[in-house]
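The following features are taken from TrEMBL:
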type	residues	note
DOMAIN	148-261	domain 'Pentatricopeptide repeat-containing protein-mitochondrial'
REPEAT	30-64	repeat 'PPR'
REPEAT	100-134	repeat 'PPR'
REPEAT	170-204	repeat 'PPR'
REPEAT	240-274	repeat 'PPR'
REPEAT	310-344	repeat 'PPR'
Amino acid sequence: AAITACEKGSQWQLAIHLLTEMPSVRVAPNKFSYSAAISACEKHGRWQEALVLLSTVLAIQIQPDVVVFGAGISAAEKGGQWQLALQLLSTMLLTRIAPNVVTLSALVSSCEKAGQWQMALQLLFDMPAAKVVPNEISFSASISACEKGGQWQLALQVLSMLPDARLTANRISFSAAISACEKAGEWRMALHLLSIMPAATVAPDTINVNAGISACEKGNQWEIALQLLSFLATDRLAPDTISFSAAISACEKCGNWEIALLLLAHMAIVKVEPNEISFSAGISACEKGDQWQMALQVLSTMRESSALPNVVSFSACISACEKARQWQMALACLAKMLEVRFMPDEISLGTLLTARDKASQWQMALALYALLPTNAPPARNPLSALSGACEKKGTPVPTLHHARFRMYTGYQDGLL
């Protein structure tokens, strides 16, 4: 009883201490003592200690029951040890202890966390043969496993099995299924699941709606994404950074830079802090809309906020300037990248090479080429842009690799 009290109070160390003190007062620990101590360790995330206690039970030939094994399997599940959890199930069967729904649900959750969706489904489908009726936890974990494995159709199939099992889909089940559809770009199905949640007496929350907005973003459905965003405000659900970022990305993909910037500005009004994704999507929207000045303005605002510019945001600005033939501003963006210790990727440098080619600035093209990694093929074929820039000035293309070293040393000496 004392060990159980420690287990309920999350005092796993005291529970183990009491267990180890029992022999000193000539009280032999039994399966109930060990079960309570294992549960205390499992609830506190001390899965290694829980499994050591379980191995002790097996070693001293105390006949464990399903509760002892269940606590051990739950400990293995929390520790991400799905293979060990399956081994414990095998040991249960060898000792002729029938698993129950708690044990098998913990096994399904263990496989789900490890990304083993095939094993999770096999355990779910084999439950009736073991005379175990699956519960909401079993189904929800199986749907989540399918979601993590990119199996959106199987996720929907498992969700559809709930009524036959006389179970009602809960928020976790719907969330996993919607997320599975979102990841697969199945925006119509994601919206359908959102629409039937109230009929199942499950009110969509911000996480569910965010998944729907992300699904619309992947499906280039910016209007519906904005409707879902407005739904969050009208249904007393507060939109968060993820909500706005997904909506801005949806507008960016469809070239609606004005709306993207309005959403970015509205975040400050509703006191939602933009992150790197929000700003980068806004800059990319400006780049696609040929608004290089606005792109630079957003980048400037980003640098003044708590969100730090990254390679994506700088690259989008460089691309916007390149499209507008503003190679000086593109070069200024490159300087800012180096200032914050970001090494430009091949796309950024390829864009700058193209801008320099258009401006016939072949010396700077060579200097930028010197920054390209020697062991990676540049994206956007900047070599062709560099060749064109050099050919305009009569510089032989075969000398480029020799020029790389010379221009790199020139860059180090302050050429840029």
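Using N, Cα and C of the backbone, Cβ positions are placed for all residues, glycine too.
Counting residues of the repeat 'PPR' (310-344) by DSSP class, helix then strand then coil, yields 26 helix, 0 strand, 9 coil. Within the chain carrying the repeat 'PPR' (240-274), a Cβ under 8 angstroms from the stretch's Cβ atoms is held by residues 206, 209-210, 213-214, 216-217, 220-222, 225-226, 228-229, 232, 281-282, 284-286, 288-289, 291, 294, 298, 302, 305-307, all 6 or more beyond its ends.
For the repeat 'PPR' (100-134), the residues of the chain that approach it from at least six positions outside its boundaries are 66, 69-70, 73-74, 76-77, 80-82, 85-86, 89, 92, 141-142, 144-146, 148-149, 151, 154, 158, 165, 167, judged by C-beta separation under 8 angstroms.
Non-local neighbours of the repeat 'PPR' (30-64) in the same chain are 3-4, 6-7, 10-12, 15-16, 18-19, 22, 71-72, 74-76, 78-79, 81, 84, 88, 91, 95, 97; each lies 6+ residues outside the stretch with a CB under 8 Å from one of its CB atoms. Mean predicted confidence for the repeat 'PPR' (100-134): the pLDDT average there is 92. Assigned with DSSP, the residues of the repeat 'PPR' (240-274) fall into helix, strand and coil as follows: 26 helix, 0 strand, 9 coil.
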